[in-house]
Amino acid sequence: MRFFALFIYRPVATILIAAAITLCGILGFRLLPVAPLPQVDFPVIMVSASLPGASPETMASSVATPLERSLGRIAGVNEMTSSSSLGSTRIILEFNFDRDINGAARDVQAAINAAQSLLPGGMPSRPTYRKANPSDAPIMILTLTSESWSQGKLYDFASTQLAQTIAQIDGVGDVDVGGSSLPAVRVGLNPQALFNQGVSLDEVREAIDSANVRRPQGAIEDSVHRWQIQTNDELKTAAEYQPLIIHYNNGAAVRLGDVASVTDSVQDVRNAGMTNAKPAILLMIRKLPEANIIQTVDGIRAKLPELRAMIPAAIDLQIAQDRSPTIRASLQEVEETLAISVALVILVVFLFLRSGRATLIPAVAVPVSLIGTFAAMYLCGFSLNNLSLMALTIATGFVVDDAIVVLENIARHLEAGMKPLQAALQGTREVGFTVISMSLSLVAVFLPLLLMGGLPGRLLREFAVTLSVAIGISLVVSLTLTPMMCGWMLKSSKPRTQPRKRGVGRLLVALQQGYGTSLKWVLNHTRLVGVVFLGTVALNIWLYIAIPKTFFPEQDTGVLMGGIQADQSISFQAMRGKLQDFMKIIRDDPAVNNVTGFTGGSRVNSGMMFITLKPRGERKETAQQVIDRLRVKLAKEPGARLFLMAVQDIRVGGRQANASYQYTLLSDSLAALREWEPKIRKALSALPQLADVNSDQQDNGAEMNLIYDRDTMSRLGIDVQAANSLLNNAFGQRQISTIYQPMNQYKVVMEVDPRYSQDISALEKMFVINSDGKAIPLSYFAQWRPANAPLSVNHQGLSAASTIAFNLPTGTSLSQATEAINRTMTQLGVPPTVRGSFSGTAQVFQQTMNSQLILIVAAIATVYIVLGILYESYVHPLTILSTLPSAGVGALLALELFNAPFSLIALIGIMLLIGIVKKNAIMMVDFALEAQRSGGLTPEQAIFQACLLRFRPIMMTTLAALFGALPLVLSGGDGSELRQPLGITIVGGLVMSQLLTLYTTPVVYLFFDRLRLRFSRKNSKPIVEI
């Protein structure tokens, strides 16, 4: 009591303390970063290696495997996957959450160095690594277009100057430049001209390499001067290479231009990028795993004026895609929802109390509690994101509850004629323990969340801590500022035998009288209520098992990502045509604002597209509805498929897949994997619970298999190395020399001119110069026949892997899809040599499913322990927790009614309900116990009186919590997919709980009281003195 008096009788000190909390909160709010969700990105590092011309199998065995063995020894690696394609290997390392990305990068570099001696010769550069997740959607895409500059020249400018500058911005992890490749001098050989001149391809290669050297020449000096020696030992342009003498035939010089076309071109002509209908160079910017997306985007935008100032006038630099506008719009929606919740809660208080002065007290307590929370959020390193702001929105109903309980009890004493300061002190003393019990038991609900590991634990930690801090500050404010304001602002009134009945007051009195009448009937029919209570418990179990489940609500971020998968034998020219066709279909959709895409590189039959939709206010359809509409149009394109998915703020795993969810097949036998993967994929494609089923296993690419006759080769004086070198020189886009320029290094690329390699007959024109100097056609010692070969070889760990990706049809939940996949795998009878498991988001969902019930039980157990300690009783906590089954039924029925699956957000709602609905029981039980102790009432009289006396605060607190959550249900616009499941769960649970617990709680209270008396009689024995 002295504690309360200290603040009630010292108003200046109390006001200043509240002002200090508010000022700290305002300062914290200004310093808090902004993000879509809490930081939950796994540390990911990507290792890249290249060997131009090498087959996928060669890359997997000679490059990927040595690197994987070395990288696999690094501590903290959670998952290692690799993909090897034509001339390229990419290894993705996903580390544990607690692994520092910079320390991991040092370990990766050390592992690369250790594996260097095991890698094949001829690699143009050492393997490199990047601290970015390639499966993440870019946070921003910039495009460069020009009417006068070539694509190669644009690419050079983008990669040499723009990408380097952008990469230095804080938060940027990777700048991937696509759409073309670096400039190069391309030597297109004419096989017939070479044969006529008796010049081998190796001879051409060696002549070019020898003519373009960069070596130090030294200096000459005398006693006075020093001269640096400089020679014209470098050739830099196609015009300089054309007159190069490569051979003498009967004393006549054979120049390079005689046997080849030499052009200024690009390193890899099999690359194409587009924005809308124009050829373009794309700069795809990804953030570091630990970086804040909004701060990073703001840093890039701040740099754009400087970038535009440095580019030539002939180049047009545009932002093709920016993730931040929808994130900002979503957060603005949450902030507006928070403001509406505060207003509705204050309105509820006013309608019940019918006093402007009384309403002003919680109207001050709520902002102080919420604003003060920002200071703690800043100190904890949190951000303003959808979850933390939703926590504050929900907290609105909680923080006002404490103030309402104190205010209502003080107002009751004032209505009885007590003086204001005395009423404030007496009223606060009576409900102080109740408020503390309510707050501590509510915070206890979130303790299991704080101890939860993995991605769900990281994701929910900010929500739990933010809400707990808001409740803690609210507790302090309600026991200090609220009673002080009541004592100094409210006035006592003369006791009335008949309360004034006006408006809401008349309705409340009528409700209270009706409740009293119905409660008497219920207390006389306790068995029927007991059956209802047990029915809600059983219904809870059935609903939880039956309701569809998912990991996280599908968001409409306004950004779509698409993966193109064409026939495995498609040419680059045909693939570029497919890209253009798909982009036209998408560009013509009324909901699309911008589309960019690229194809080429090591995987000729694949491409990527990034689609920006119009803002939510300018389109009627959701992102999923747009995808459904486009899927029908895109299916008409022959020879290729485009798989679309909405970009999400949470992306788990480092695999690049053409759909949102993945199921991975592993085997130590590549043959077994290749046998069973098509069967499994075909079976999964037939499931109605899955859509867009596709696989990264591509082993039907067209291959020309050359079979050497080694005996003939030996007789003709030809070795295998010379034959392989011939093929590499002719068809491998072989980089044979380096051109050094001040800003970059460029390559000289040699291959047979595409005019002479349009079909298989090009092999018949190839020849090798043997040891006697004779030209021997390839057909003399080799035979070839077409075959199928993999376009890529994938590993997970050190096992062969194939990932089947899939999306969900509209109306299907992830739990239904995973159950269907598991059932299909069992029915197929897949042998133990092929192992299947979910990966990425689907894997995290499976883990979350296994821990959900444990988490709910742990929360209930924690609340029970806290209540048991506070009440010094094993029984009373059970009475209080009896309110939970009805809330669970209401929440699950509401989700079913709105056709919303049970997600991680809905789980938060269930956890919140555990904390909310028990408040009603706490208020009843506290007053009943006090009435039994001090008033000498029977348990029946005590609980009946407690229910009637606490009816008004129970209605006020429940309606405050309900109206605090209602804006989440009704909210639309950006980010509503996250807010609505939380609001639906809470509103549904509160409505059902309010209808039932007003009757079940007193019945359960009496049941346990009678049980206690029965056991006490059995155990009572007379005390015998010895």
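Placement of Cβ uses the backbone N, Cα and C atoms for every residue, glycine included.
Feature annotation from Swiss-Prot assigns transmembrane segment to 15-35, 333-353, 360-380, 387-407, 431-451, 463-483, 528-548, 853-873, 897-917, 953-973, 984-1004; the stated evidence is sequence analysis.
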Top stretch among 431-451, 528-548, 897-917 for CB pairs under 8 A with the transmembrane segment (853-873)?
431-451
Ranking 360-380, 528-548, 897-917, 953-973, 984-1004 by the number of C-beta pairs under 8 Å to the transmembrane segment (387-407), which range is first?
953-973
Please tell me whether the transmembrane segment (897-917) and the transmembrane segment (333-353) touch - that is, whether there are at least 3 C-beta pairs under 8 Å between them, with each pair 6 or more apart in sequence.
no
Among 15-35, 333-353, 431-451, stretch most in contact with the transmembrane segment (953-973) (C-beta, under 8 angstroms):
333-353
Criterion met for the transmembrane segment (333-353) and the transmembrane segment (15-35) (at least three Cβ pairs under 8 Å):
no
Who are the chain neighbours of the transmembrane segment (15-35) in space, where the CB to CB distance is under 8 Å and they lie at least 6 residues beyond its ends?
292-295, 327-328, 331, 364, 367-368, 370-379, 382-385, 473, 477, 480-481, 484
Using a Cβ-Cβ cut-off of under 8 Å, list the residues of the same chain that are 6+ residues beyond the ends of the transmembrane segment (463-483) and lie near it.
3-4, 7-8, 14-15, 17-18, 21, 38, 361-362, 364-365, 368-370, 372-373, 376-377, 380, 382, 387-388, 390-392, 394-395, 398-399, 402-403, 405-407, 410, 424-425, 427-428, 432, 435-436, 439, 442-443, 446, 449-450, 908, 912
